[in-house]
C-alpha cells in the first residue's frame, strides 16, 4: 500500500530538506514498486512517456491553450501535417530576430518561419503569448498542445514565409518552462516518473491522484486539481457521499451480478463514464485525450468517453484513436459567442459519429480558481515583471485564458434552437437546482447532468448528489421521471459512490479528475486500470448490498437522514485528506 508521505510542505529555503524529501519520495516509490515486475508493454509505454516529459515544460502555452479547441474546431482533416512550401528561399535567424515587435511579428515553428502580425488580434489565447515571443523559435510553446494542421486553417499561405536557415541561437529559442519550479524540481519529477510502481500495485483511484501530485508540473497540477475560491464545494462534492449510508439486504443469491445499463439509447458495460476534462496533454504530452479513448475501449470493459471542447487533441484525432467503431463517445460543448463556429462544430462532430451533445451551462464566467491563478501566466524569462508594462491580466491563470470564447449570454432559447439544428440527443451539463431539471424536462432535452463543474465555478454550490436526492422524488411526483435521463458527477472516487447515485435515480455517473490522473501517470493502460478498479468495486459492493442488477438499486437501500446535515462531522476519509492539497496564501518574493 502506498504510504502517503506529508512531503508537500518543504521549506523552499532549505536545500537539505529538499534533498531529504526527494530521497524519501524516491524510496517510497522504489519500495512500492519492488514487488511486481513491470510488463514489457508497460515498460515501453513508460519509457516513451519519460522521454516525452521534457516537452511539457511550457508555461506560456497555458494562455495559448484557449486556442487548442478553438483552432481544432474546424479540423476536418485527419492529415495533421501543415502544407508548407520547402522550396521557398530560406530565411536566416538574424532576419527572423529583426521582426520582434507586435506590429512586425515573425516566429519559427518546427523549422519554418511565419508572419503572425495580422493574426495577433485574433488569437483566442490573447496577443501576449505570441507578442512576448516575437522573433523567436516558439516550437516548445506551440507543439505540445496544437494539432499541426491548425496552421493551414488560420495562417494565410503568403504568411508562411519559408524554411529557417539553420537554427535560432539559444537565446532566441523559447525554452521548455515550468512556472514555480526549479531545474532540480523538474529533474526530481522526471526521476519519479521513471520510478512509477507497476499497475498491479495500484489498488484504488487515490493512488493515481497521489502519484500525479508528485510527478506533474506545478502548473499542470494546479490546473487539474484546483477548485473555486476556498474550495468548499470542491470538498463538499466528495464529503456529501460520506453522509449517505447503506441498508444492505441479506440472504440473496449474488453469484451473478450484472452492472451493465443503458445511457442515451446505447447499451453500456458499466454505469459510469469518463467526463470531459480539458488539456489532457498537460499530463500526457504524447497522446493526451487519444490515450483516454484507447483506455476506454481497449479492455474487456468499454466505457463511454465524453470529449471536451477544450481537449488538447482535435475531435478527429480522439475519435480515430478509439479502438472500436462501436465505442461510445459523446461531445461536451461550450457555446461560442460566434454561433457559426458552434454550428459548424456540431455538424462536424455529428458527422464524426458522436452519440450525444452535452452542453455546458454552468460557465458563463470562469470561477476564481486560485491555485491555478497563483501560478501566474508568464511568457518570457523576464516573467511577470516584464508583463507589468502591458495590460495583460497577469493573474488570469490557465482557466481564465481558456474561457475567452465562451458565450455568457446563453439562454434556454438557445438550447431550444440547438435542438432544431441536430439529430443528436442534447444533455444540459451543469444543472444545480431542481427547478432547472423540471424546465429541462419540459423543453424536451434528452437529459441533464447534475454538476457544479467539479467545484470549479461557484463556491458553496450544493453537492450534485444532494441535488439528485432532492430532485428525483419531485420528477416522479410530476410524472417527469421518464422524460429525461439524469446524470451526476463531482466528487466520485469509489464504486460505493456510484452505487449511492444509482440508488437515488441517476442514469449514469461521471468521473473526470481520476481519469486525468491515471492518464497522466500511465497513459491508456492507466485509464484501463482505473476502469477495472471502479468496475470491481461496484460489483463487490453490489454483492454486499444484496442486489444483482442496476435495476434493483433503489432509494430504500440508503439511509439519507444525515445527507443535509452539513454541520455534522463525516467519517474521516484518510486517503482523500492525504492527497487533497488546498489553496495557499501568497508568499513574499525572494530577495
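Each Cβ is built from the backbone N, Cα and C atoms, and glycine gets one as well.
Residues or ranges marked as transit peptide by Swiss-Prot: 1-80.
Summarising the annotation, Swiss-Prot assigns domain 'Cytochrome b5 heme-binding' to 88-165.
When Cβ atoms from all protein chains are considered, those within 10 Å of residue 219 (heme b binding site) total 28, not counting its own. In this structure, residue 219 (heme b binding site) is part of a helix by DSSP. Among the features that Swiss-Prot reports, heme b binding site is placed at 123, 146, 177, 219, 223, 376, with the record citing experimental evidence.
What Swiss-Prot lists as domain 'FMN hydroxy acid dehydrogenase' is 197-563, and the listing cites sequence analysis. Confidence annotation: the domain 'FMN hydroxy acid dehydrogenase' (197-563) carries a mean pLDDT of 90 in the model.
According to Swiss-Prot, the pyruvate binding site annotation covers 223, 334, 453, 456. According to its DSSP assignment, residue 453 (pyruvate binding site) is helical.
Swiss-Prot lists 275-278, 308, 332, 360, 429, 489-493, 512-513 with the feature FMN binding site, giving experimental evidence as the kind of evidence. Within 10 Å of the C-beta of residue 277 (FMN binding site) we count 24 further C-beta atoms, all protein chains included.
Around residue 453 (pyruvate binding site), the C-beta neighbours below 8 angstroms that are at least 6 residues distant in the chain are 360, 362, 363, 367, 430. The annotation active site, proton acceptor is assigned in Swiss-Prot to 453.
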When secondary structure is assigned with DSSP, how many helix, strand and coil residues does the domain 'Cytochrome b5 heme-binding' (88-165) contain? 28 helix, 20 strand, 30 coil
Residue 334 (pyruvate binding site) and residue 513 (FMN binding site), compared by Cα position, are separated in whole Å by 19
So, in DSSP terms, is residue 513 (FMN binding site) helix, strand, or coil? helix
Can you tell which of 275, 308, 360 has the least company, meaning the fewest other C-beta atoms within 10 angstroms of its C-beta, among these binding-site residues? 360
Measuring CB to CB from residue 513 (FMN binding site), give everything in the same chain under 8 Å that is also at least six residues away in sequence. 209, 224, 225, 277, 454
